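Undergrad: OK, TrEMBL features for this one:
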type	residues	note
DOMAIN	11-418	domain 'Enolpyruvate transferase'
BINDING	LYS25, GLY98, ARG126, GLN169, ARG346, ARG387, LYS412	phosphoenolpyruvate binding site
BINDING	LYS25, SER26, ARG30, SER167, SER168, GLN169, SER196, GLU315, HIS342	3-phosphoshikimate binding site
ACT_SITE	GLU315	active site, proton acceptor
Amino acid sequence: MSVPHWPAPTAATPVSATVPLPGSKSVTNRALVLAALADGPGVVRRALRSRDADLMVAALRALGARLEPSAETPASVDWHVTPGPVRGGAAVDAGLAGTVMRFVPPIAALADGPVSFDGDPHARKRPMGPILDALRALGARIDNDALPFTVTGPLTGGEVTLDASGSSQFVSGLMLSAARFPKGVTIRHAGPPVPSQPHIQMTVQMLRAAEVAVDDSEPDVWRVEPGPIAARDVTVEPDLSNAAPFLAAALVTGGAVTIPAWPRVTTQPGDALRGLLTSMGATVARDEHAGAADLTVTGTGEITGIDADLREVGELTPTIAALAALATTPTRIRGVAHLRGHETDRLAALATEINRLGGDAEETGDGLVIRPRPLRGGVFHSYDDHRMATAGAVIGLRVPGVEVENIATTAKTLPEFAAMWTAMLESR
Ligand SMILES: O=C(O)C1=C[C@@H](OP(=O)(O)O)[C@@H](O)[C@H](O)C1
Ligand SMILES: C=C(OP(=O)(O)O)C(=O)O
């Protein structure tokens, strides 16, 4: 049965809205893994509820952890996590979630029997080779180089060299479970630069908060000592990457959007939106209070193009590209060749969909060049990519007749997206 396209609403007037955001996907899925491997029961509060988070919960349950919900709302839940011995014989569905396909196989290598993995059709195309080779080098057996595959432990841990230029998640995935490897792990990266360093920092900080010893003093080398992972009671920050399309709406419409509870200090890459959106013509203000702040972005309706290296914050590329397509001067996005291995080839998808609407976007070796050109309505394909769908919504604010294909794919990290978008436009 084909689902009708979503007519992206245009904004008749400048937006003026406060948009509270549910928890970060990246923090939620790390916190759940650490809780499931911890030395006792713990709590993950204000965890995100979304397809990627649900897949992580199902995977950890299949591997023997107990996760019980409380304080449930459609977007958020507190998980009470009781670790158990890691159980073999499980089948894990990774969906299209990078965090599940890269963070869970190292846990599976601790199980008392084989664990099989598969995912969505496109998940079979996402890069996995370096982390699977690393697990083999550390002692596990794995029967393929991409999904589907079966992991059979045990592993001993130790030293491994890999090329993590395709995804920071290869490093994060190994580190998250490594305290439970008999010898811990020393990971050396050899190759072009590792993207998404803030996400690696997030892993290191969350491990240290769980009393795991991590040495990251040498560039491109990470050492995790074997030992217990402390059970904790943690609260997940709002998802700052999911703030991107809402804050972009302020620039597109010449309005103002406030995100409550923006953390004062964070490893989330979405924090870079403050600088990026300022460069594109917005004013960014923080109203400080204990530990966090309300962040307000105000636009003028005119968007300035930028020349930006987004290697560290690749997740933000679809929103920045959507803004660039509406800007008055050209934009060059660099440093994001690894986006070809994301939910879809995001560089090809963004260029194709912007050009389909009459725009002028060109793929480069490691990014995009987007030049100003008037856009017209049409179908904006999402390629099962949540951030493509939200990029279409941003363009549709100004361009009448944009129809986003499969808006439901936003459920990967923000199931309430369409309702929140409408509420933002209706709020005054
Ligand atoms: O570790 C994480 O939570 C993530 C790391 C990044 O992956 P890549 O380094 O593969 O870009 C990011 O794009 C992804 O959305 C989430
Ligand atoms: C790349 C992304 O996700 P994943 O965790 O599936 O890699 C993303 O959310 O932009």
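Every residue, even glycine, has its Cβ placed from backbone N, Cα and C.
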Undergrad: Taking every protein chain in this structure into account, which of the binding-site residues LYS25, ARG30, ARG126, ARG387, LYS412 has the most other Cβ atoms within 10 Å of its Cβ?
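TA: Its Cβ has the most other Cβ atoms within 10 Å: ARG387.
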Undergrad: Which binding-site residues (ARG30, SER196, HIS342) fall within 10 Å of GLY98 (phosphoenolpyruvate binding site) by Cα distance?
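TA: Within 10 Å Cα-Cα: HIS342.
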Undergrad: Which residues in the same chain, at least 6 apart in sequence, have a Cβ under 8 Å from the Cβ of GLU315 (active site, proton acceptor)?
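TA: For GLU315 (active site, proton acceptor), the qualifying residues are SER196, SER241, PRO269, GLY270, ARG387.
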Undergrad: For ligand 2, which among the binding-site residues ARG30, ARG126, SER168, HIS342 have a CB under 6 Å from it?
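TA: By the Cβ criterion, which requires under 6 Å to ligand 2, the hits are HIS342.
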Undergrad: Restricting to the domain 'Enolpyruvate transferase' (11-418), report the mean pLDDT as a whole number.
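TA: Here the mean pLDDT over the domain 'Enolpyruvate transferase' (11-418) amounts to 97.
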Undergrad: List the binding-site residues ARG30, SER168, SER196 whose Cβ sits under 6 Å from any atom of ligand 1, in sequence order.
TA: SER168, SER196
Undergrad: Under DSSP, is HIS342 (3-phosphoshikimate binding site) helix, strand or coil?
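TA: The three-state answer is coil.
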Undergrad: For SER168 (3-phosphoshikimate binding site), which residues in the same chain are close in space, meaning a Cβ under 8 Å from its Cβ, but six or more apart along the sequence?
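TA: SER168 (3-phosphoshikimate binding site) has long-range Cβ partners VAL194, PRO195, SER196, GLN197, HIS199, ILE200.
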Undergrad: Assuming the binding residues for 3-phosphoshikimate are exactly those in the record, LYS25, SER26, ARG30, SER167, SER168, GLN169, SER196, GLU315, HIS342, what is the maximum CA-CA distance in angstrom, rounded?
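TA: Value for the max Cα separation, rounded to a whole number: 19 Å.
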Undergrad: Which binding-site residues (LYS25, ARG126, GLN169, LYS412) fall within 10 Å of HIS342 (3-phosphoshikimate binding site) by Cα distance?
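TA: Cα within 10 Å of HIS342 (3-phosphoshikimate binding site): ARG126.
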Undergrad: Counting only residues 6+ away in sequence within the same chain, which have a CB under 8 Å from the CB of GLN169 (phosphoenolpyruvate binding site)?
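TA: Set apart from GLN169 (phosphoenolpyruvate binding site) by at least 6 residues yet with Cβ under 8 Å, we have GLY98, THR99, ARG102, PHE103, ILE131, SER196, HIS199.
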Undergrad: In Å, rounded, how far does the Cα of ARG30 (3-phosphoshikimate binding site) sit from the Cα of ARG346 (phosphoenolpyruvate binding site)?
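TA: Distance (Cα to Cα, whole Å): 24 Å.
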Undergrad: At a 10 Å cut-off from the C-beta of ARG346 (phosphoenolpyruvate binding site), count the other C-beta atoms across all protein chains.
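TA: There are 25 such Cβ atoms around ARG346 (phosphoenolpyruvate binding site).
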